[in-house]
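Inspection log for the structure reproduced underneath, given as structure tokens.
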Amino acid sequence: MKIGSLKLSGNIFLAPMAGIANLPFRLIAKRFGATLVFSELSSSEALIRDGKKTFDILRTAPEEKPIIFQIFGSNPDSVAEAARIVQELKPDGIDINMGCAVRKVIKSGSGVALMKDPEKIKEILKKVRKAVSLPLTIKIRSGWNSKNINALEIALIAEDEGVDAITIHPRTKEQMFSDRSDWSLIRKIKQKIKIPVIGNGDINTCLDARRMFEETGCDAAMVGRGSMGRPWIFREIREYLDSGKIPDEPLKTEIEKTIIDHFNLSIEFLGQRRGTDLIKKHIAWYTKGFQDSCQLRKKIYLMNRKEEILSAIKVFFSYI
């Protein structure tokens, strides 16, 4: 498939999850077959101020390409300027977040709050499209609440303003991540616009991914929370779509190796202290459902040294 000028070898993507889809996790997802990855969201205002923390979020590595950098903001001029800055970092595309429902983002009038103001969205997209030549995408929700479902209106605006693809997570701001996502809305939008539509929401297995394609007709599927602790979901989806056979679960030895690889990448790119702190929640997700995983989580949350955490992991996998 293509997103603007970006040619892709597949259509299974990793979602831009704040605090989760950092560089180490994206590299792991790519190893397991994610076709395209998105960065964590970055503040337009912080990028303009040259905020080091924000630029750290946009750190990348050749192995994870193609990658799309995601930005957010509510001021059209600021978002356009941030897009220009991001383009200089040479990602493969730029995504504008219009679906984040986190209070801090909404408070600034950004994220899903933008969906309450279609005219502002139009102005933002018009200015960003003039500012950058890279493929441009947006990510939206269904709308603000059940009485204001306006995703189709926003999708039509996006297409008119030169956006190259749109990702839809069909839940409202009110729903956050509760209830089932309304895949029928993805289908409705796919039938009305010509640019690629990326479906997102409730893809937790390879069966879910196939059903997403069949029920919505979407061009690509974006996996978010379903990849947390299970990055091999990308491999499973691709194998299942190719063969029709449900893949075997990964061996425990592969899970252990993935944890260790992820830990090493986390320290390599984030440093000893931060890398160790951030890997702990991933270890909890990787081992969820295994016998005595609760005890392992309690142990590692009290540990600060890489060696003792790795030792605890090896002991854990030798007994399960």
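Count begins at 1; order follows the chain as displayed.
Quick reminder: no glycine exception, Cβ is built from N, Cα and C everywhere.
Record features, source TrEMBL:
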type: DOMAIN; residues: 14-310; note: domain 'DUS-like FMN-binding'
type: BINDING; residues: Pro16, Met17, Ala18, Gln70, Lys139, His169, Gly224, Arg225; note: FMN binding site
type: ACT_SITE; residues: Cys100; note: active site, proton donor
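Considering other CB atoms within 10 Å as the measure, the emptiest surroundings among the binding-site residues Lys139, His169, Arg225 are those of Arg225. Here Cys100 (active site, proton donor) is positioned 10 angstrom away from His169 (FMN binding site), judged by their C-alpha atoms.
The binding-site residues listed here are Pro16, Gly224; among them, Pro16 has the most other Cβ atoms within 10 Å of its own Cβ. Looking at the domain 'DUS-like FMN-binding' (14-310) alone, the prediction's average pLDDT is 96.
According to DSSP, Arg225 (FMN binding site) sits within a helical segment. Largest CA to CA distance in the FMN binding set (Pro16, Met17, Ala18, Gln70, Lys139, His169, Gly224, Arg225): 17 Å, whole number. In this structure the alpha carbons, written CA, of Lys139 (FMN binding site) and the residue listed as 'active site, proton donor' are 9 Å apart. Under the three-state DSSP scheme, Met17 (FMN binding site) falls in the coil class. The Cβ of Met17 (FMN binding site) has Glu40, Gly224, Arg225, Met228 as same-chain neighbours under 8 Å, each 6 or more residues away in sequence. Each of the recorded positions Ala18, Cys100 was ranked by the number of other C-beta atoms within 10 Å, and first place falls to Cys100.
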